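Engineer: Straight out of Swiss-Prot:
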type     : residues      : note
BINDING  : His83, His182 : heme b b562 binding site
BINDING  : His97, His196 : heme b b566 binding site
BINDING  : His201        : ubiquinone binding site
TRANSMEM : 33-53         : transmembrane segment
TRANSMEM : 77-98         : transmembrane segment
TRANSMEM : 113-133       : transmembrane segment
TRANSMEM : 178-198       : transmembrane segment
TRANSMEM : 226-246       : transmembrane segment
TRANSMEM : 288-308       : transmembrane segment
TRANSMEM : 320-340       : transmembrane segment
TRANSMEM : 347-367       : transmembrane segment
Amino acid sequence: MTNIRKSHPLFKIINDSLIDLPAPSSISSWWNFGSLLGIWLAIQILTGLFLAMHYTSDTTTAFQSVTHICRDVNYGWILRYLHANGASMFFICLFLHVGRGLYYGSYIYKETWNVGVILLFAVMATAFMGYVLPWGQMSFWGATVITNLLSAIPYIGTDLVEWIWGGFSVDKATLTRFFAFHFLFPFIISALVVVHLLFFHETGSNNPTGIPSDSDMIPFHPYYTIKDMLGALVMILALLMLVLFSPDLLGDPDNYIPANPLNTPSHIKPEWYFLFAYAILRSIPNKLGGVLALVLSILILALMPLLHTSKQRSMMFRPLSQCMFWLVVADFLTLTWIGGQPVEHPFIIIGQLASILYFLLILVLMPMMSIVENRLLKW
């Protein structure tokens, strides 16, 4: 008699995805982040669901409802901070997951990679809308500034912005629809994750060497289930440390001031995980140019399969490309820092140089270094 997990239509899918899945024997801890992202998504949906039970998406009561959650709801404070800081952990894992893909050439699996890029956009849109919901000063002005960027689109821009706002400014209609979309999007993300995994299981996993590993596969369970559980334990511990010791470390103090359309904060900035794109946006004096650069800073990932000029897949044995990759990482961190600084000298020029370097490295220098390495190896 065959095992039920191998014969039952539903269990068979789970078995082929998590238990009997053939996995390369050499994949390192950099491959943990996919499963971690799944865990974070589940945590975000659960905490978000319980928060939504007590939240009201009305401009007059939104701020008070968040206060009520923190003060009056049993363990409401921990739900709120798990959700807010869980988003930060989500993005840390997301950036590391993308970085791993860039370093080890995972973008060669085009379908999986492109669904991943769509997922990144969807998660960023969800996080942005979630940041508006507490209806603090930074929520209101962040929403105003970022949505207003769409007015840079020629001809339809102004109409588009007013259509998104549901009026002539960010107001009750905007908050209500942002709450509706913020609730809906995680389920769309979950569906996209299934598509992402579907394409991923068509090709199998890449490995650090970038060499096909069909001849050296091991079952996912117990080897990688245990390994993923360790990664999850470490990250959940980090999240709990953040939530229980310094829950407001990554937030903005201005968001504890109720939204006031008549009083602009001295320095409007989004959450830390958008700062790199925000810095690129600010570094271009032209509004439309800034918006295009903002979108391209993430959309550039979709070009990675086209920009791959090396005869090797992974960067493991390519020291020149490694230097370029770590320059991109350093540049990303520099942009994140600049995005949080006021618009004044010397931050303006640093931001502009870092933005130019970001596109130059990815579009020109990395493909060039790959060609140089090919020549050095006489390929």
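The backbone N, Cα and C atoms fix where each Cβ goes, glycine too.
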Engineer: Considering only the recorded stretches 113-133, 226-246, 288-308, 320-340, 347-367, state which has the highest number of Cβ pairs under 8 Å to the transmembrane segment (33-53).
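Structural biologist: Comparing 113-133, 226-246, 288-308, 320-340, 347-367 against the transmembrane segment (33-53), the winner is 226-246.
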Engineer: Return the member of His83, His97, His182 nearest to His201 (ubiquinone binding site) in space, with distance defined Cα to Cα and candidates limited to these binding-site residues.
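Structural biologist: The smallest Cα gap between His201 (ubiquinone binding site) and any of the binding-site residues is with His97.
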Engineer: Hey, which of 77-98, 178-198, 320-340, 347-367 has the most Cβ-Cβ pairs under 8 Å against the transmembrane segment (226-246)?
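Structural biologist: Of the candidates 77-98, 178-198, 320-340, 347-367, 77-98 scores highest.
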Engineer: Fewest other Cβ atoms within 10 Å: which of the binding-site residues His83, His97, His182, His196, His201 wins that one? Let me know.
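Structural biologist: Checked His83, His97, His182, His196, His201; of these binding-site residues, fewest Cβ neighbours within 10 Å: His201.
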Engineer: Do any residues of this chain, six or more beyond the ends of the transmembrane segment (178-198), have a C-beta under 8 angstroms from a C-beta of it, and if so which?
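Structural biologist: Result: 17, 38, 41, 44-45, 48, 52, 55, 57, 112, 115-116, 118-119, 122-123, 125-126, 129-130, 132-133, 143.
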Engineer: I need the CA-to-CA distance for His83 (heme b b562 binding site) versus His97 (heme b b566 binding site), whole Å please.
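Structural biologist: One finds 20 Å between the Cα atoms of these residues.
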Engineer: Whole-number answer please: how many Å between the C-alpha atoms of His182 (heme b b562 binding site) and His196 (heme b b566 binding site)?
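Structural biologist: Just about 21 Å between their Cα atoms.
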